[in-house]
Amino acid sequence: MLRRIHDKKPLIHHLTNTVTINDCANMTLALGGSPVMAEDLLEVEEMVGLADAVVINTGTINPDMRKAQLLAGKTANRLGKPVILDPVGAGATTLRTDFMKQLMEEITFTVIKGNASEIKTLLGQAARTKGVDVAEGESLDLQSVHAFASQTKQVIVVTGPVDFVTDGVRQHHLDVGTKRLGQVTGTGCMTASLIATFLGAGYGRFDAAVFGTYAMGKAGETAGNRPGIGSFRTGLFDAVSLMTEESLPEVQMNGQ
């Protein structure tokens, strides 16, 4: 059990996609947080005011969701609440690319987490996508990510075979996880929920990004010997729910 999180039980407001919303809620609970998924424009500002952190996930956007996400992000900025962007599908269509530009122009994010294709799109670089998934063979210059984080004062997480986290000053590589994480939809979305839960419990933004990303990778390794995809997915929740404080110094001591 992660005592700091369980003691506070941070409220994490998700404006997320309909494909993985239940998994994001359960992963937040597994780590010790409390999820809420309020999308109505009439209550978004009030809910952000109650929340300890906000997640904006663009997986299944529509006109109302786009308005709600913009309002939630701006409200979080005004109130000084951490806000995480998971730019799912960035670069896949003109609509998504244009909306990402609007989000980046109008909201300052605490942490941005995405795969190589999504982050390249946010950096204004040409990217190849396959729906909401990263295209095979897609590569990204990590120094450009580091520079972007420094310029925007936002923590950037690039997920992949080796995850990369930078705040523009520090950078951290996480060689943890399993290919099986790519066989279950929503593991990236759940990673954003984990990062938000650490943020909501008062961890620093760089540490929260590293710890949340590490937690998903480590859970994948722990559940990796389960025979089927269904039991593997369940094992992810089990592994996160059983994590303790002792696992976190291991992340802190890794080379940066």
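Quick reminder: no glycine exception, Cβ is built from N, Cα and C everywhere.
Taken from Swiss-Prot as is:
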BINDING   Met37, Gly186  substrate binding site
BINDING   Lys113, Thr159  ATP binding site
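Projection of Swiss-Prot feature records onto the structure.
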{"residue": "Met37", "record": "substrate binding site", "Cβ contacts under 8 Å, 6 or more apart": "His13, His14, Leu15, Thr16, Ile21, Cys24, Ala25"}
{"residue": "Lys113", "record": "ATP binding site", "Cβ contacts under 8 Å, 6 or more apart": "Ile84, Leu85, Asp86, Ile156, Val157, Thr159, Gly188, Thr191, Ala192, Ile195, Ala209, Thr213"}
{"residue": "Gly186", "record": "substrate binding site", "Cβ contacts under 8 Å, 6 or more apart": "Val19, Thr20, Asp23, Cys24"}
Other CB atoms, at most 10 A from the CB of Thr159 (ATP binding site):
26
Helix, strand or coil by DSSP: which one applies to Met37 (substrate binding site)?
coil
